Amino acid sequence: MPLNKDIKKVLVIGSGPIVIGQAAEFDYSGTQACEALKSEGIEVVLVNSNPATIMTDKEVADKVYLEPLTLEFVEKVIAKERPDSLLAGMGGQTGLNLAVELHDSGILEKYNVKVIGTSIASIKEGEDRELFRDMMNRIGEPVIKSEIVTDLTAGLEFANKIGYPVIVRPAYTLGGSGGGIADDEEQLRTILESGLQLSTIGQVLLEKSVKGWKEVEYEVMRDSYGNCITVCNMENIDPVGIHTGDSIVVAPSQTLSDKEYQMLRTASINIINAVGIEGGCNVQFSLNPNSFEYAVIEINPRVSRSSALASKATGYPIAKLAAKIALGYGLDEIKNAVTQKTYACFEPTLDYVVVKIPKWPFDKFFGADRELGTKMMATGEIMAIGANFEQAFLKGIRSLEIGKYSLDHNKFKEYSISKLKSIVMKPDDERIFALAEMIRRDYMIDRINKITGIDMFFLEKIKWIVEEEQRLKLSKIEDLDKEWLHHLKKKGFSDKAIADMLKVSPDDVYRLRDIWSIKPSYKMVDTCGGEFEALSPYYYSTYEQYDEVEVSNNKKVIVIGSGPIRIGQGIEFDYASVHCVKALKKLGIETIIVNNNPETVSTDFDVSDKLYFEPLTEEDVLNIIEKEKPDGVILQFGGQTAIKLANFLKEQNIVTLGTTADQIDMAEDREKFDELLERLGISRPKGKGIWSLEEGLEEAKRLKFPVLVRPSYVIGGQGMEITHDEEELTYYLENAFAKDSKNPILIDKYLMGREIEVDAISDGENILIPGIMEHLERAGVHSGDSVTMYPSQNISDKIKADVLEYTKKLALAIGIKGMINIQFIEFEGELYVIEVNPRASRTVPYISKVSGVPIVDLATQVMLGAKLKELGYGIDVYKEPELVSVKVPVFSTQKLPNVEVSLGPEMRSTGEVLGVGRNIKEALYKGFVGAYMYPSKEKGKILATINKHDKAEFLPIAKDLASVGYKFIATSGTCALLKEAGIEVEEIRKIDEEEPNILDIVKNREVDLVVNTPTKGNDSKRDGFLIRRAAVERNLGVITALDTLRAIADVELEKFDENKDLEVFNIAK
């Protein structure tokens, strides 16, 4: 039992939906913490609104509540479960803020719940900018000259006093939200207004900018007896001024002298002792590169993105140990899981280099402002391990899946040196390639060091890589001797990079390696630099020393992971990979995971029998397959990242379980797929590929507007649009053909129908559909951005029977063994197929949890030859549950400047929440509250600007909202419509009219909700865009689909916010 005998039942708060700044790392830390508590015999109650996580599986905690993370709902859970303790530091900023609110509102005291681990007082000292600064002054730790402000005037006065540039850091926000660097008064006004609104306590710290100093982080652990250790120190290649989540980070630090290292280590220990941390904590410093002067930037008094990285970089499980410390254990009483001999009070030592590179979402958002600053914009990250910096760095570049295998980037070849210089000085996501191009043109690296603040050590390494690339370009394959090739491999060059420079194929380089037997050896991550024998099967490749892998003769399967989190391919795929591994283990099969994402559960070293932390490229994966010789490889659960390897593995004669390359081709190749549907007698929306504007207008006439247009090769609906007339279509096609004239544009009849989706399992004879899901928004909104309902609410028995029949026909005709995802449209009583994915999709975790069918487990067994009839869940459609569950998308558009907010066929959401209720309206209410979409309890003002196609549909919704007390403000057209219907409305001037106009009332937050249905193709598109952006940046709700507004109105009519009897449901029953 734990040392503190009073702890029997602990409430753990999760981090909610995935947003930029708070991603899968909290699923990893939360899962670890729950398992650590359970291993001590403690009852664990979990509340988290995110259904896509492993953490919310019924095996992870004893009671699981997928409920909104708000005071009212968490209080309901506490009242029902009566936990004696609360563990706050596992749910990121969301969990921390909620714990502070529960304490301040008296709820914890009312139910007699103690906070274990880091106390609320310590959290406040770490998070409240003023308390933290005062404490630093008390213990003599230097902080940057700063001022706490709570209004605009005080901020402008302070900036004038200390001089620009100044850094703005709001209190209690996530990923630097609302912060930034202001170079002048105008910029400061904008950033400060946003920061004061986003801070939960309306407090912002303004500090003198030390842009250009080094940024260094220490990950520190402390127990309640005051024992402290530093787990890992990390150095950002990018200097202060770029958020650490958007920086390339290296561990351990490469450029600190021993004196600097010890000085900052001592400071971190002083700080966490003073704050009184019990558990893990991250301390960030800025260090003057030219002296020993340093300053404390901030601390995170909880597990964080950096602690997930430190855990994976060292093999030291920070979250697990933080949970044990919360129970009263000391660091000297907890065994190191990797060595089983040493204790947690041993500081890890690293005999390798780790590099983390962020993954940004700009491929989804062409118009976005890509400049990096103190506000985080990356959705995910990759990590790479190497024997030296160059190796880890080049592995990292090819792990990003941006089609780059070296530092050579065609885009920058055309740029002038002055243009390259401006990119490097105002960095964006591609700055590293611009920097390499400058070096390629013999720009002096000491001058690059002066303009960027990047340390000479890193610039020298990058220069070496660029020089080798140039040397290869001037050589032929005959010039490549054994020594040179071996040296390039040691430094991380891939076969493809070498081949591209030599203008030969990667196979040619591979053959040379084979002849000279230049093969990778795999080293173990062992926490102790090889001093003790390690038991962790956690490996990375190098071309250096001897091999540490023991290859068994057992039956074994390799599961390919999904790589970094991005829009369209999120944590859902990690969920599927982990469940696949668990299913294989139950069958007694040795499991091996290959993945490169440090935030996820799949890369926790005790999930699989072996973990290879490697890039998911053809070469890196093949090396592991050749080493391990598995009985099969599973690609179905790793999203597009894994599916992309199918053809390559087929060419190498490697067995893939479940889906084959030919089956993928049949579903993804438009012509083959059309032929298949024709043969099976299944309808799809009419359409074809067109090659010119004239042909497009002709086809649209034949199909009749509206039509759906999109480029032919896309993922996540990139570049799709619905056009309503010739003007809109012409505008789209002119732009599309200007961007790419080599491929056709697909044009389909747009059916304004109901969208239906299924994830099914097929064994080649029968299929099982765990549940038929219905989308709330009509077709045309990407399935990942739609509210999804299960059981379906409006689908007739006839259509359900058609869904089953079509799914069965398709699965059997394609020859699926395992998973298939199909999307349908029901239009005027007919069913049409719009898309088939022969793999797990992003709805798998949701439908698994709400139907109770362990989809991935069953699909894995089927891939290995089991039949559905033997597995205990029947065939065809599984029985529907009593409760209704909705999945509501969550967006991070606020964090990405200049990005479109309106919903359409291109996916934009980063995460999701679940709402569970006795009926659909109850479920929707909880879903909207959990996704922060529910308008305020005080029925406020709605700003409505509705386009001409939508006015008739908008009117009855407006009447309902007016009946519960909402007031309307609208521009002339919508205003006339509402007045005529007898709805009270105030008219507001349009953007191009005199002030105060529509934009001013949004900027001054004089409304509570903006309803704007976008028009396309003309200038009002820009007006609508400006209004939507202004609203999102000021934390106002924005709704662009009337189906969503209809649902909100239905929920409002029920007056749930006055109803105190809403139940919370434990889904682990």
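Keep in mind that glycine also has a Cβ here, set from the backbone N, Cα and C atoms.
Annotation comment: Swiss-Prot describes 1-401 as region 'Carboxyphosphate synthetic domain', evidence class sequence analysis. Swiss-Prot lists Arg129, Arg169, Gly175, Gly176, Lys208, Val210, Glu215, Gly241, Ile242, His243, Gln284, Glu298 with the feature ATP 1 binding site. Sequence annotations record features per position, and here Swiss-Prot assigns Mg(2+) 2 binding site to Glu298, Asn300. The region 'Oligomerization domain' annotation in Swiss-Prot covers 402-549, and the record cites sequence analysis as its basis. Under the heading region 'Carbamoyl phosphate synthetic domain', Swiss-Prot lists 550-932, citing sequence analysis as support. Under the heading domain 'ATP-grasp 2', Swiss-Prot lists 674-864. The feature region 'Allosteric domain' is assigned by Swiss-Prot to 933-1069, with sequence analysis given as support.
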- [ ] List the Cα distance (Å, whole number) between Glu298 (Mg(2+) 2 binding site) and Gln284 (ATP 1 binding site).
- [x] 5
Task: Assigned conformation of Ile242 (ATP 1 binding site) - DSSP reduced to three states - done: coil
Open item on the list: From the DSSP assignment alone, can you count helix, strand and coil residues within the region 'Allosteric domain' (933-1069)?
Closed with: 60 helix, 22 strand, 55 coil
- [ ] Work out the three-state DSSP category of Gly175 (ATP 1 binding site).
- [x] coil
Task: Tally of residues which DSSP labels helix, strand or coil - the region 'Oligomerization domain' (402-549) - done: 80 helix, 10 strand, 58 coil
Task: Nonlocal neighbours by CB distance (under 8 Å) for Gly175 (ATP 1 binding site), same chain, sequence gap 6 or more - done: Val19, Ile20, Gly21, Gln22, Gln93, His243, Gly245, Lys375, Met376, Lys895
Task: Arg129 (ATP 1 binding site) in three-state DSSP notation - done: helix
Task: Inter-residue Cα distance where the pair is Ile242 (ATP 1 binding site) and Asn300 (Mg(2+) 2 binding site), in Å - done: 17
Open item on the list: Averaging the per-residue pLDDT over the region 'Oligomerization domain' (402-549), what integer do you get?
Closed with: 94
Open item on the list: At a 10 A cut-off on CB-CB distances, which of the binding-site residues Glu215, Glu298 has the highest count?
Closed with: Glu215
Open item on the list: Tell me which of the binding-site residues Arg129, Lys208 sits in the most Cβ-dense spot, judged by other Cβ atoms within 10 Å.
Closed with: Arg129
Open item on the list: Test of understanding: give the count of other CB atoms lying within 10 angstroms of the CB of Gln284 (ATP 1 binding site).
Closed with: 20
Task: Least Cβ-crowded entry, counting other Cβ within 10 Å, from the binding-site residues listed as Ile242, Asn300 - done: Asn300
Open item on the list: What whole-number value in Å do you get for the largest C-alpha pair distance within Arg129, Arg169, Gly175, Gly176, Lys208, Val210, Glu215, Gly241, Ile242, His243, Gln284, Glu298, the residues recorded as binding ATP 1?
Closed with: 20
Open item on the list: Can you tell me whether DSSP puts Asn300 (Mg(2+) 2 binding site) in helix, strand or coil?
Closed with: strand
Task: For Glu215 (ATP 1 binding site), the three-state class that DSSP assigns - done: strand
